[in-house]
Amino acid sequence: MNSGRLVRIYLLLLVFITTLGGLLFWGIYHQTLNTIVSELKLESNILINQLSKQISLAFIEIHSDLLYIIEQQELRDLNPENTTPIKLDHIQESWKSLVLQRKRYDQIRFLDHTGQERIRVNYNNENPIVIEDEHLQSKKHRYYFTESINTPPGTIYSTQLDLNIENQQIELPLKPTIRFASPVYDNNSETIGVVILNYLADNILNEFRRISAGFAGNAILLNWQGYTLLSPESAQDWGFMFPDSPQTGINVQHATAWRTIQQLNRGQEINQQGLYTFDAINPSGNKLDSYCASCLRVLLQIPKELIDARLWRQLTSSVHLLGTTLIILFVVLAIAIWNREKRNLNERQLQNLNKRISHEHDLFLSGPSIIAKLRNELGWPVEFISSNITDFLGYEPDKFTAGELTFSNLIDPDYLQQYSQENIQADRDRATDFKRSPYKIIDHANKRKWVQDTTHLIRDEFGKLTHYFIHISDITHLKQVEEQLTESHNYIQRVIDAIADPTLVIDINTHQLKLANQSAINLYTNDKQLKEGVTCYRLTHKRNTPCSGKHDPCPITEILKTKHTVSAVHKHYDSEGRVMHVDVRATPIFDESGENLVQIIESHRDITDTVKMEKQLQYIAETDRLTQIYNRTKFDEELKNQIAWASLANQNFGLIMLDLDHFKDVNDNHGHDTGDKVLKRTVELLHNRIRKSDILARWGGEEFMIIAPQIQQDDMFAMIESLREAIAGIDHEHVGTVTASFGATILTPNDNIQSLLKRVDMALYRSKNSGRNRCTIL
């Protein structure tokens, strides 16, 4: 055994095992990392949802309290003319009770429209007190007053979360505060002041600490500018309130994550510093804007060091198992290689022994195949041929071994070149054996027979080809059957080519075409014959998937259901890509049992002209001849469809009816031709000004209808006013200006066609009776 060869193989094996181990470790590493990151993302998402929900619930409770206060009738009646001590006392007592009950408001104040404090109740550590008038202050220059006094009714204004300041100094102990404010209106909808709640934010800060206590990373509450309000590094909290302290925030310490937080408001990011999960909350309950000074940000950060520590804890056991497995694999493969080399040595020894055995032994003298040994010389002389050659061709074996006949004498001259070329190619390829293509040989009676042989190449010790060992099989019967099948196929092809309509035979499993007549080939392709394997949908629809859906039902699918002939109208494309409408009639073809469906036969009839005529007739039936918009019949159909759609989608739509005022006078004074021009110009204006989704129709005479889907009443009124003014602004030739009256309504859940039309007609009637050139919405 060659020891040097074994050493080289073992070194290659070691390199292979090492490379495999590296690849497996790389895969395990990344799979474990992805699993850990996914778990941490899920954990962070759950926690941040809890934190955001808890903070939002706290703000919702504050909104409820504030809206309750501003709706107090005594407060809305509060003005210098009718304010009495009894009313003030009642408000103050109710506020003291609210402060004591809620335990979350440091102050409740009412500032009148000038910014002067009129009422102020302090929490005073669970001992609420009312501040006397001489101690009430003017806050007209404070930002929270100037910004909240101008907010719309019912809306809530909030300040940023900061530390409470009294007498120009931060109050100690620190008192985190958010101010919520909302304007108060009297019974005449005039602003009389604002109510301001100073919310003690320790409540949400303590809840934040409690919920995030078990979190593995850092749970941080930020203001909108990125400064920390609550974080593990408490020394940095509220730094923006102290100008002398270092002004460092998340935007500096975690700059990469901060850029993403500013863009998305809510989401997750993983970078070189770790995993970040973030969310934004607006205390006022309003929609988040790109800049929201009072908004809060919740940030959960898991440092990369923590992720790596968890990763290596999980990898330790995997690495040990991988190392053990690779060592075992190396030992097993080394033993297998040793055994293989030993077996190869034994096989080479046996091969040398077998070379001494004569190749001339006839193994299958009485078998059905003819066995022969040929020399690789001119004409392929025969050294041996089995005795059954006599029964097959009528020649005695001695004729060949005596040299009277060579193997080339048996081969049909038309196939001699093929036979020779295959021998040359096998020698070039250094093949040991090959299966030859069918060829013909000539028997003693000069008859041709089809044969096919398997040839084994025999070489000497120098590798030179010396002999051929062949096994010849008679395939004459198979070739005769093949010719009969070809003749039958050609006959069927001639039959379907005689059919005028394009006709296809399709396999139901693959959708591939088995036959196509010349009419189909000429219509759908530029080729003289079909390409092998082409499908019916590729030929006729120029697509890569089978037909489906209501507009292109697949005949195969339908026949599989019914087992009967089906018809369908399809849209096909001819060889030039032109669209054509085709009446497809498909008939099933069953196997010999009559039970199993195997193919279908389709015939196609071009009905493009018929379809075009139908569409043209439909257009004429639906269109008003003068204005070229929908007529009343088509409008009734569209209105019915819109009501059905609105019911299914839980949506509404507007219905607008308009009538040109005094249009009869236009016809009477200027003639119907002029009247028609007025109608057509009015329709052109309406078309240009309504939305693309709106439906315009002529109701009759000078009356028109507009269906406006998904529209609110205010928007519909604005649209109608725009149309009314535009119509009145047209200067018609010979006529001058013409006005229009409008009636409109919005669909309600209980409406049907009759109730909707009746209501819009009543609205138009009111517009006309009220002086015309106006709109009424019912």
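Yeah, the Cβs are placed from backbone N, Cα and C, and that goes for glycine too.
Model, not experiment: these values are computed from the prediction.
The annotation transmembrane segment is assigned in TrEMBL to 7-29, 319-338. Positions annotated as domain 'PAC' by TrEMBL: 435-487, 564-619. Residues or ranges marked as domain 'GGDEF' in TrEMBL: 651-778.
Helix, strand and coil residue tallies for the domain 'PAC' (435-487), in that order: 12 helix, 27 strand, 14 coil [DSSP]. In the domain 'PAC' (564-619), the DSSP tally of helix, strand and coil residues is 12 helix, 30 strand, 14 coil. With helix defined as DSSP H, G or I and strand as E or B, the domain 'GGDEF' (651-778) counts 59 helix, 33 strand, 36 coil. As a whole-number mean, the pLDDT of the domain 'PAC' (564-619) in this prediction is 86.
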